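> First the structure, which I've put down as structure tokens, then a few questions once you've had a look.
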Amino acid sequence: MRKRTIPSALLLLCILFLFVADQGQKFQANAEDNSDELVDPPKVEDKIGAVPQGLSTDSDVAKREAESISKRSLRSNAEKFEFQAEVSRLMDILINSLYSNKDIFLRELISNASDALDKIRFLSLTDKDTLGEGDNAKLEIQIKLDKEKKILSIRDRGIGMTKEDLIKNLGTIAKSGTSAFVEKLQTSGDLNLIGQFGVGFYSVYLVADYVEVISKHNDDKQYVWESKADGAFAISEDTWNEPIGRGTEIRLHLKEEAGEYAEEFKLKELVKRYSEFINFPIHIWASKEVDVEVPADEDQDEDSTESSSKEENEDEEDADKGEDEEEKPKTKTVKETTYEWELLNDVKAIWLRSPKEVTEEEYTKFYNSLAKDFSGEKPLSWSHFTAEGDVEFKAVLYVPPKAPQDLYESYYNSNKSNLKLYVRRVFISDEFDELLPKYLSFLIGLVDSDTLPLNVSREMLQQHSSLRTIKKKLIRKALDMIRKLAEEDPDESTDKEKKEESSPEVDEKRGQYTKFWNEFGKSIKLGIIEDATNRNRLSKLLRFETTKSEGKLVSLDQYISRMKAGQKDFFYITGASKEQLENSPFLERLKKKNYEVIFFTDPVDEYLMQYLMDYEDKKFQNVSKEGLKLGKDSNDKELKESFKDLTKWWKDSLSNDNVDDVKISNRLDNTPCVVVTSKFGWSANMERIMQAQTLSDAKKQAYMRGKRVLEINPRHPIIKELRERVVKNPEDESVKQTAQLIYQTALLESGFLLKDPKEFASRIYDSVKTSLDISRDATVEEEDETEVEVESETKEESTPVPEANEVSHDADVKDEL
């Protein structure tokens, strides 16, 4: 029986061997037939951490994207668009940029991601389904780096963009901020301002030559925006990437020279520096080395056994003991690289912490994050406080170091606000101009209220009664912060010892309020005009130059401290410039009597003084208007009587020039006369400002223009001589002409514009003729009117005369022909 079984087994083995060989030949033939096709070994990357549908890419996805990524070309089936002209201009500047600070691109992308997350969180307050479930509900920012392919990905789970949004926001819409930033960039070369103009996305082209934006909005399909920054971009429906659920992923294909941004430590450093206080968690897919126990290598064990024969001999004695114990597998410890999500911004929100716990450096970093200002300048001041009572909220307010370029360009038409409103740590809006009045719109900050309702619309929230209370407290705190800035400035002190004190802290605060005033002084003046409730507080913040300030700024309180005994009013004068006002005839007597006069040279000052009527029970007196009181003169009555004939005659002769009266002046010293306006009419400076208005109304100007009064200096020799001639012959035409010339000269010197400059010029020339002993009847010499025949001369000049060699050459040519 055994003899038969053995041959049968051998036969079965032979049959099996032949079958396997035949299958191998078929397999090899199939492989040769498909040798021209791309073979990609099955490769599946591990899912990234505990986040499904993250930034991972399997082999099938990589294969579908291979052509687009490797060749840096736009997908053939994508819809092509041209960039809007200003965007192309900006991108050209950035692509060819030699700026050293290219780090800003990451902070701009993270800032945009944060804005997208804020929007979706706000929408979820009224519609919980907006957020979705699972990973989509996690409001976070993820950064992942593919070092081999040099691809950097930034992903958010924000509101996402529809196809229309991608076209509008990333290429074709004409944003005013684009041109404004380009102009600023070309003048200052400061890239740090890019975020303030709303064009931060384009900073990606500082480091990347090809960019993909994958975005999914709840109301649309998933789309891919891509561009090589060559003047065009493409958008196509995304059918090859993994569904991202909701949000946006930006993939940067880094330039060769941007290799430093393919390093994990560099990305961590940038996030810590610029985005530490972003209000959403920022994770990076970070590598980490861990110790792992692995089985020991057998060959290595044999080598170690041969080299340690002595140890084996010693161990033979214990061999019997080890026989009873189970043999343990030999292992060794090796370093293994693993990946996991690492949180980068684990600092608690500043406004939720006690002010005592927050360092100056943290306040500065938080300001940089809020203002998107990374120029390196510290804010001038800040206020961090908690309000309690009927309405509870926490707030941080900053005074920026510089005013925005367009701060006053559209002051009354803009709803722009630099104050972010949060309700219970949820961002609501940064468009609430009801939180601060317009004149404080330059302040940057954040308000977080626990009292306001969450699940209401912005329109309803704007009408909420608590907002008025918050606004009132914010204004008070803001003005206290600015007042404190002035109090801590040694240059503002009246104490000589404090002014001369020197230390690093004191020197840092020196000149800070002057800097504030030069940037935002106009806002304080507008506040006095608009805010009657806080007018007195704002008046304390006013600064100006005076006849005694020697180029330094002075406050109203400092002016009061220097007032002369018996002085009851503030004296001021308005004009186009300090240099012009310093030589004004209106100041002659005031200077002589040692009175201090305030210079107002800003056009808004004319409006300001219509509202600032008094301060600390002292009135304001414009020294270019009638009613100036400098004390009584014992000779006033006698002077008026002695010049009565001149003043009456002059008033009658100027009846057609809108002159209400001619009076004896108490403000002149070296000037013959000046023209002043009525107390409640426009000053000469105000008339000039109103005439310069584009849409000015001539009828209204005529109504508002004050009555003019000619004030004469009774001690001046010209006025004395004019009086004598008027007494002798009031009808003398030369005296009338002289009086008119004096009046017109006084108009110009007083700041008014002449109604007929030609008439004034003619009188000046007549006066010059008299001084040169030229007869007034002398005429201009007649011009010789002999006509020159220009046309005939031109024709003669245009006809060329051939030279001798040219004539002979022509003759030779004819002979040859």
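Heads up, the Cβ atoms here are built off N, Cα and C, so glycines get one too.
The signal peptide feature in TrEMBL is assigned to 1-24. Taken from TrEMBL, the feature ATP binding site covers Glu108, Asn112, Asp156, Met161, Asn169, 175-177, 196-201, Thr248, Arg458. Positions annotated as region 'Disordered' by TrEMBL: 293-334, 486-509, 775-817. Here TrEMBL flags 293-305, 312-326, 780-791 as compositional bias 'Acidic residues'. What TrEMBL lists as compositional bias 'Basic and acidic residues' is 806-817.
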> So of Asn169, Thr248, which of the binding-site residues has the fewest other Cβ atoms within 10 Å around its own Cβ?
Asn169
> State the count of C-beta atoms found within 10 angstroms of the C-beta of Asp156 (ATP binding site), not counting that atom itself.
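Result for Asp156 (ATP binding site): 28 other Cβ atoms within 10 Å.
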> Using a 10 Å radius around its CB, how many other CB atoms surround Glu108 (ATP binding site)?
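The Cβ of Glu108 (ATP binding site) has 22 Cβ neighbours within 10 Å.
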> Have a look around Gly200 (ATP binding site) and count the other CB atoms within 10 A of its CB, chains all included.
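So the Cβ neighbour count for Gly200 (ATP binding site) comes to 23.
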